[in-house]
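Colleague: Pulled these features from Swiss-Prot for this protein:
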type	residues	note
BINDING	Ser10, Gly11, Ser12, Ile13, Gly36, Lys37, Asn38, Asn121, Glu123, Gly202	NADPH binding site
BINDING	Lys122, Ser148, Glu149, Ser173, His196, Ser209, Asn214, Lys215, Glu218	1-deoxy-D-xylulose 5-phosphate binding site
BINDING	Asp147, Glu149, Glu218	Mn(2+) binding site
Amino acid sequence: MKYISILGASGSIGTQTLDVIRAHPDEFRLAAASVGKNIEAARRLIAEFSPSLVAVADRDAYKVLYREYRGRTTIVYGEEGLIEAAVCPQADVVVTAVVGSVGLVPTLKAIEAGKAIALANKETLVVAGHLVMAAAKRRGVPLLPVDSEHSAIFQCLQGERMEHVDKLILTASGGSFRDKTRRELAHVTVEEALCHPNWSMGAKITIDSATMMNKGFEVIEAHWLFGLPYERIEVVLHRESIIHSLVQFRDTSVLAQLGTPDMRVPIQYALAYPKRLPLPSAKPLDFISLGALHFAPVDFDRYRCLRLAYEAGKRGGSLPTVLNAANEEAVAAFLAGRIPFLAIEEWIERALERHRPVSNPQLEDIREIDADARAYVRSLLS
């Protein structure tokens, strides 16, 4: 029996993680969860899974739940509450499914507490990959990727030696606007952007997919997880999202992991590792009805956010922190209807250009740089 803590249990990855726990009551049990401000999600979690601890985002939600569950479930709130969920004594595995850089400190605390990390929060490695990987190595803690692309690479590398790897190839659907021209992108709406062709995801990551910043973050994440330089991490467009990623070896052999687009598969793989469990609710791949798979090169002029991510990753230091902070603020402004779609990439580029890089930022540096980049992007609205 593995006890699971989910940071972000009311979001897309979090709810699908609950599906996996629900499907295997003899394998997994929910020890703790965070749910943001979603009081109803907290009530449902407590009723079904009886976790020992539930974290909420603010004091108002805390007051409501504390009155209802005092003496039955520990209710905590704020950043400290999120950390408490991350270091819950009963938890064996912590699923980091919160969105954005808010996941960094709880992840570091969970690593320090010796928890296995099922990593769904890619921003953690984007802003502080050097700190996270060093902490995991120091504590001997496994980082198990939940992103479908990194899970695919991780699976392809089982039993292999990294010195035999030539390159990693991440696949990308192209997002909700893959068939639109740059001219058409100037006028797209929020509603159009939120319609991903293949995956069901939260709002922020769906926009990141449309700009391809999500793929840029995944390139940086792959660099840290697998230790390869950026020159040996490629991205290829693959409309069907059936091949989740590939590994090419030095003898030109290629291994790929395939499957229908269903995030419960990589989630379950991370939770159950090194075992493989059945997943009856997942749809098996039917090659006959599939017919064909399609691939195309990435146009870096078309997807400027992906180019910016590669550049920030290669230069390293504090630039990926600025990349992430500026992206979060710009995407929030787009979702609020305050800026057009193409302004997202423009604002990120401006934030990167004004930043004076720090070569080896520590946690306090990262917090200051993050806050400064956010303040700058917000100032562009006024």
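Cβ from N, Cα, C; glycine included.
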Colleague: With Ser10 (NADPH binding site) as the reference Cα, tell me which of the binding-site residues Asp147, Glu149, Glu218 is the closest one.
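Modeller: Checking each of Asp147, Glu149, Glu218 against Ser10 (NADPH binding site), the shortest Cα distance is to Asp147.
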Colleague: Cα distance, Asn38 (NADPH binding site) to Lys122 (1-deoxy-D-xylulose 5-phosphate binding site), nearest Å?
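Modeller: The Cα atom of Lys122 (1-deoxy-D-xylulose 5-phosphate binding site) is 23 Å away from the Cα atom of Asn38 (NADPH binding site).
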Colleague: Show, in sequence order, which residues other than Asp147, Glu149, Glu218 on the same chain lie with their Cβ within 8 Å of the centre of the Cβ atoms of the Mn(2+) site.
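Modeller: My list of surrounding residues reads Lys122, Pro145, Ser148, His150, Ser151, Leu170, Asn214, Lys215, Phe217, Glu221, Ala222, Ser245.
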Colleague: Measuring Cα to Cα, how far is Glu218 (1-deoxy-D-xylulose 5-phosphate binding site) from Ser12 (NADPH binding site) in Å?
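Modeller: Distance (Cα to Cα, whole Å): 18 Å.
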Colleague: Among all the protein chains here, how many other CB atoms are within 10 A of the CB of Gly36 (NADPH binding site)?
Modeller: 21
Colleague: When you measure from the Cβ of Glu149 (1-deoxy-D-xylulose 5-phosphate binding site), which residues in the chain that are at least 6 apart have a Cβ under 8 Å away?
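Modeller: The answer is Leu170, Thr171, Glu218, Ala222, His244, Ser245.
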Colleague: Validating a neighbour-count step here. Other CB atoms within 10 A of the CB of Asn38 (NADPH binding site): how many?
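Modeller: If we count other Cβ atoms within 10 Å of Asn38 (NADPH binding site), we arrive at 18.
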Colleague: Tell me, by DSSP, whether Lys122 (1-deoxy-D-xylulose 5-phosphate binding site) is helix, strand or coil?
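Modeller: Going by the DSSP assignment, Lys122 (1-deoxy-D-xylulose 5-phosphate binding site) belongs to neither helix nor strand, so it counts as coil.
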Colleague: Which whole-number value in Å describes the distance between the Cα atoms of Glu123 (NADPH binding site) and Asn214 (1-deoxy-D-xylulose 5-phosphate binding site)?
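Modeller: Rounded to a whole number, the Cα-Cα distance is 10 Å.
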Colleague: If one measures from the C-alpha of Gly36 (NADPH binding site) to the C-alpha of Asp147 (Mn(2+) binding site), what distance in angstrom results, rounded to a whole number?
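Modeller: For Gly36 (NADPH binding site) versus Asp147 (Mn(2+) binding site), the Cα atoms are 21 Å apart.
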Colleague: Could you check which of the binding-site residues Ser12, Asn38, Asp147 is the closest Cα neighbour of Asn214 (1-deoxy-D-xylulose 5-phosphate binding site)?
Modeller: Asp147
